[in-house]
DNA sequence: CTAGGGTTAG
């Protein structure tokens, strides 16, 4: 995208906030006490004076002096800002005592105070006792319910209001529209749209803005844009809403185009527009435009705006500009919980974009240490924090940290949140603790599509395909509509169980009953299934018949199957197809190399090596991690630098000997890893290559009690030899061993693995 | 009294 058009900066300092509007209505009389109560307009950092003034004003009220209504407003505003419900109650009592409660305007404001503080029962009570009701009081109550996530009550109040014969304003209808959009009810929204026509305010910006946002939330992007186009005087909010609408519906690039259009129409963006635009850059990972918007925010005078700083920091994290992000973070003199959350979530997202698993692991570890700092800072984590942290624990297979977070969510009451609950279910699933996952799932009071999908996938990944399918039927009975991700779980369950007929039935159900277009992952599950069953020809037929061009992953599955079943001809064909795709992944090349090496095809070996050089691919990095208590230990292939290295190798040696009597035979894997690193680690000491997961397991066996499973993550796929060996270790040591490698989860129990022994490509 | 920054499943 081209550069942004430049904006003429004619910015005046931001005017005093909302309370001025109110206080202007209450002209102070001469009898008012002469306390000068100046509310600071600074967003960040509460000055001491301001606190003092607030306390002074409060003590003045406590003394019981009769004051003018105007005196209460700024103090109540402070109660709103800081959610000081008990102070508000004291003021309320004072108002009643001195007879000021006859002032309908003041009491309406009090409804607003209780509503904003999230105490809707009291707000409703004050509202019911109002001497006079007007549109503002009705609207205030509605807004309160919307903010309190009770849109159905907001709609009920709206009905009451209409029955009472009050005329709604643009604000009322706007709020009613927000309620409909929270209810995801396009129908209700349309009815309210009708009212706006009836009251002749349909072209009003606030109506159009709310309509735009409603349609966007209901997934009707086209209607949203239409609503935007119909607005007569588009204001900055209209633009912000439509820009976000594009972004929320997966069209970030067009959203940015609208942002540019807005600038070229000389509408000056505000902080909300800028944060929206920045979040679009986040989605697109566009540092280029992001940095331009960053400078625009400075030009427009928002450099000290906290939400904007948070967004920029998050953007830099997501684009992997970790040092810039850290610099911003360190330079911030005031930070909010959102800042912490953005840091944690940013590191969590960076795990997905990290160049390899080693880097990803470091991001995750960093995220956990940021969470620790947040807890120490005295600030209280919220549902956003917990969801992110739990997802980090899942990725790291850090069960013990996850358990601690679980305890904290119970203590703080955030476990009742669906998203947190789902993240918890997912954490236990990813740590291979299926029993606790299912317990957490059962205990949820509400379940979303994502919760069901997470649990179904969990069963599939943990080697309980039957349970996965049963749960899928429960989900359908509960009236929850599966999406394409749910079907990835269902199909992979069938694949694991080798249930060909069921798999094909579910595939048809997905296409016909749910009208879901298959994506690559669905085909991958089915092809994987045929390969597992040794039905390579059928797998190949399926590849030929599918509507999508097979990708690297599909060919890799086929090659792995061909290799293990000695069908070299088909394997070579698949390899040619794979090479044409010029994969960017070291592991994929490694698979090819191994296939050609074991077949003695030296010409192809050197060709693959050459291609790897051309693609500037590094060597495989074989790292494993194990999390014990609140520490994560890392192990590199053949490493001998650990304090316990001696014991670890001794233990492994013994286990190797014992394993032989169980039919285990050393099987050399021809892998290409970092040769220099191997040389460093005194490879010459032994002819056996110790892959990193063996070391991690040995460390785990030495340092954990017999009762707990051993949980390891690994940066690349396990090789067949390690897989065979670990299967036997699980038998010999009577320990459950859970390994998540770069491809899948392996849960070894009593000599068996949940992947059905088809989880290894090398 | 309408708008914003941070969250979960492959």
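Any Cβ shown, glycine's included, is placed from N, Cα and C.
Those TrEMBL annotations? Automatic predictions, nothing curated.
Residues or ranges marked as domain 'DYW' by TrEMBL: A:678-758. According to TrEMBL, the feature repeat 'PPR' maps to A:134-168, A:235-269, A:448-482, A:483-513, A:585-619.
Across the residues of the repeat 'PPR' (A:483-513), the predicted structure has a mean pLDDT of 95. Secondary structure of the repeat 'PPR' (A:585-619) per DSSP (helix as H, G, I; strand as E, B; remaining residues coil): 26 helix, 0 strand, 9 coil. The residues of the domain 'DYW' (A:678-758), classed with DSSP into helix (H, G, I), strand (E, B) and coil, number 31 helix, 16 strand, 34 coil.
Under DSSP, residues within the repeat 'PPR' (A:134-168) fall into helix, strand and coil as 26 helix, 0 strand, 9 coil.
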